[in-house]
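Data block below; observations after.
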Amino acid sequence: MRTVFAPPPNKGLVQLNRALFNATQRMLALRIPASASGAAMETLRDQQVPAILSAPRLRTIVEDPSESSTPRRFRLLLLDPSLSASKLEDLPGELQRFASTHNADLVEHTISLGYDYWSTDQILRSILPDDFEVPSAFETIGHIAHLNLRDQYQPFKQIIGQVILDKSKHIKTVVNKTDNIDHTFRFFQMELLAGEDNMMAELKEGGCQFRFDFSKVYWNSRLQGEHDRIVKLFSKGDLVCDVFAGVGPFALPAAKTAGCIVFANDLNPQSYKFLVENIKLNKLEGRIRPFNMDGRQFIRQSHHDLNDPAIWETITEIKPAVASRKKSRDAGADAGKDSDKDAGRARPETPKPAAPLQTVIGGVRYFRHYVMNLPATAIEFLDAFHGLYSGKRELIKDDQLPLIHCHCFSRGEDLEADVVQRVERVIGMSLGDNLVAVHNVRTVAPNKTMMCISFRLPPALAFAEPGVLGKRKSVDDDEAAKRDRRDDGPSDDNHGQGDGISTQ
């Protein structure tokens, strides 16, 4: 049986007074010879005898406070507070036998528990009204804890922030997302709840180091799995175009771990600034080309820049690794069998083979993948691909057209059908066999899900003649996009030209 103590109730407290959480707990104990401590551990605690104390962060055997001699001859084996007994004969049989064997005495003992003992959840539960959920889950961005507190928590926000600061050793700053939003770059403003007023975050993800001002750009720690999933779709040597790159959560791992060459763009000057810094921080200057422009313009311009000799001179092309003769011999000798050294250990994952799709066709470079991580509005930018390869019908085959990975929000009952239909309305044609996958990324709010649709650029769209797109977006699509842009309800993924998140 595991005993969980609770702090004194302090309902409605809005200013932290740590002394109010002091508590004492009385319990029975067996006073045993110090030499019997090992036996007590072996025969009672290790066998999980329910009558002895088993509580988080508390020792079962403690020094006897009534003894002052050194070395101390006796110790106390603490019993569960729910146990009631006035004499040894009242104890459960196993404890009776142990007490008789070691000439133990039954005594009373009191422990003192203070603010430092209680967990974040326990303290907040003692403060908040009973019908409130405890907001103990929060996003961490380096040294920053980021909350998204609903209106009902406003009277308690400062004390919530201070408790989280006290209880999280690595946290130095606690902030809360406000309702104010920058409508140009779609990042939420933050208010400081506790700790240092320092928004410069430093962290590692995807084998890369990142540094940025969290108050001016987006970062989404909860999307690390999605970053990894997309990057794993790339192969060494791929040319990747990251349209809404933020500070680089897709672009940097794509270059550093997947071996790609990346053109990365973000409209937010601050995101661009830290994207450039992160490229330098990870020594990827020759692998990532940063841009600061509108996403639609970037889609059109990046293909031209990809084939600009002056720009390409700044790019480090990927050279295939050549194994040494010794490594080749070793690899051949070990093929098909496990060495003693590797026995019981999983083999490294086999690298993906070189992709059959070329990135240089007829002397012209083409992007293999486009990443469009702007869930609120990315679908609207798909019309920028209209006629992107106009006049190149004879040069590039249909199956050599790039793959597009477009993130969006969906509220439809059939999430996959909703996303596909909205994309088809914007591009003015059916995806048909060009659809690769529709991936459910995560639920960000009730009836609101972040999705990612991956499809090959349809030839009819890619090779179209310049002009008006055949089928325009419907009024419903425009209204849906506007709703996603302005919706800042309980969602934690309302972000703009960059990658980011708030958290509940």
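In case you wondered, yes, glycine gets a Cβ from its N, Cα and C as well.
Per TrEMBL, these features apply:
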BINDING   H227, D266, L267, D294, G295, N373  S-adenosyl-L-methionine binding site
COMPBIAS  329-350  compositional bias 'Basic and acidic residues'
COMPBIAS  480-496  compositional bias 'Basic and acidic residues'
DOMAIN    138-459  domain 'SAM-dependent methyltransferase TRM5/TYW2-type'
REGION    323-355  region 'Disordered'
REGION    470-504  region 'Disordered'
> How big is the S-adenosyl-L-methionine site in terms of the longest C-alpha to C-alpha distance among H227, D266, L267, D294, G295, N373, in angstrom?
Replying inline: 22
>> Using other CB atoms within 10 angstroms as the count, which residue among the binding-site residues D266, D294 scores least?
In response: D294
> If you skip the near sequence neighbours and keep only those at least six away, which residues in the chain come within under 8 angstroms of H227 (S-adenosyl-L-methionine binding site), Cβ to Cβ?
Replying inline: E205, G206, P249, F250, P253
>> Mean pLDDT across the domain 'SAM-dependent methyltransferase TRM5/TYW2-type' (138-459), rounded to an integer, is what?
In response: 86
> So for G295 (S-adenosyl-L-methionine binding site), how many other CB atoms are inside 10 Å of its CB?
Replying inline: 21
> Least buried of the binding-site residues L267, N373, going by other Cβ atoms within 10 Å?
Replying inline: L267
